[in-house]
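These notes concern the structure reproduced below.
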Amino acid sequence: MGSSKSKPKDPSQRRHSLEPPDSTHHGGFPASQTPDETAAPDAHRNPSRSFGTVATEPKLFWGFNTSDTVTSPQRAGALAGGVTTFVALYDYESWTETDLSFKKGERLQIVNNTEGDWWLAHSLTTGQTGYIPSNYVAPSDSIQAEEWYFGKITRRESERLLLNPENPRGTFLVRKSETAKGAYCLSVSDFDNAKGPNVKHYKIYKLYSGGFYITSRTQFGSLQQLVAYYSKHADGLCHRLANVCPTSKPQTQGLAKDAWEIPRESLRLEAKLGQGCFGEVWMGTWNDTTRVAIKTLKPGTMSPEAFLQEAQVMKKLRHEKLVQLYAVVSEEPIYIVIEYMSKGSLLDFLKGEMGKYLRLPQLVDMAAQIASGMAYVERMNYVHRDLRAANILVGENLVCKVADFGLARLIEDNEYTARQGAKFPIKWTAPEAALYGRFTIKSDVWSFGILLTELTTKGRVPYPGMVNREVLDQVERGYRMPCPPECPESLHDLMCQCWRKDPEERPTFKYLQAQLLPACVLEVAE
């Protein structure tokens, strides 16, 4: 796919120094206690001074989230328990006449939340009514409305956000624990001369009585009180909580309510970003308001009817590591409108100026993001069919998202469908798919192994010096690419697992995601 960028209006970032109120209850760690010792205080015994009973058994665990996370960061906005008053988490400027503009902090009365991702709301500030993106609001006076609460994001995603070079030491967020139901985790950026920038994670335990604590000697009636206390006192943490982790506005789910099949006239193509065998990719604007990427397909590339049917499935695939499909123009020439990311394709990024500065930990993290997106595709019983660096898009802070999932199946070009010639990506395709057309999630796993070589070689074409026919013959005879220069043997071993001859013996994307361990994080708790 081509490159993509953010909207013309820069997303506002949320960075605030905390001026917390006095805590109502505190105790304190022993002065001699080190950060590592605070990882899981009293992890194997009941609290000695307790205001209630511990709801979950504290325990250590290092692991990764494999749940169906769909946005990053995710903030719940669903109506529950009759709650109808919500607070705006971000500014929103309307894109259509039926949208409602609002400012961060504005209180909104939800009129109707039964129509999917766009809710009908009434502003208690302006008195106006219109549709709002549901992921831009949270129930009033709830933890979801707190700027430091990031909800169900993964440990790895919290590290990526906190390790932004612009974040000072003590930047923090609170998220749901991945390993203990009902518990939370406090993630804090730190720095030391030996390790450089790193992130420490402190599990927040919950009492049956409703209180919270990191160490049983210091308990609080609410998470807000806990954050307020530790923003004034490090008290055993690596650093006091100095700044809330900044984050950009999330993508809305679609361009607007009912904006799916859109008129061609609503799109303005502004700059060509790339060109392939079957079309072009443009930077553009929808409705004169919204920055988007537009993929234009040459007439005859695929059946408009088949494309529209497939697109209905594709738009339901929503994950933080999948490029979001916004809208389509279904008459030829077909236009595909997607979210617009800032750094273009991963292949161009690796081969460009920025690629020179990427080190192994960053490359492995990018691979883990791709595996996360593909693990979701795997859970949804979908198949990509064309997984390679050219079809991964890169955004700010090295965020990677999978694009073009499912489109390869619809291409009607004779040379492509015959799986031969320059148009077909033989070097990325599993032998059973290239020879017999057996495309499955396991053939995607093979392609992921090839993509790992693209990452570790900064965009080198796989099987250097070999033509397509030779690649097929050699792979059938058992040849596998050797370990790339400066690539760890453990990573090459993972590649070879992806290239096992029997598709059923290849690992799952869930397994691959877990194996791509972070390389720059200090384990403290969770």
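Note: Cβ is positioned from N, Cα and C throughout, glycine not excepted.
According to Swiss-Prot, of the candidate residues TYR357, TYR416, the site noted as phosphotyrosine is TYR416. Distance between Cα atoms for ASP386 (active site, proton acceptor) and LEU273 (ATP binding site): 20 Å, as a whole number. Under DSSP, the residues of the domain 'SH3 2' (81-142) split into helix, strand and coil as follows: 3 helix, 27 strand, 32 coil.
Taken residue by residue, the domain 'SH2' (148-245) breaks down under DSSP into 16 helix, 36 strand, 46 coil.
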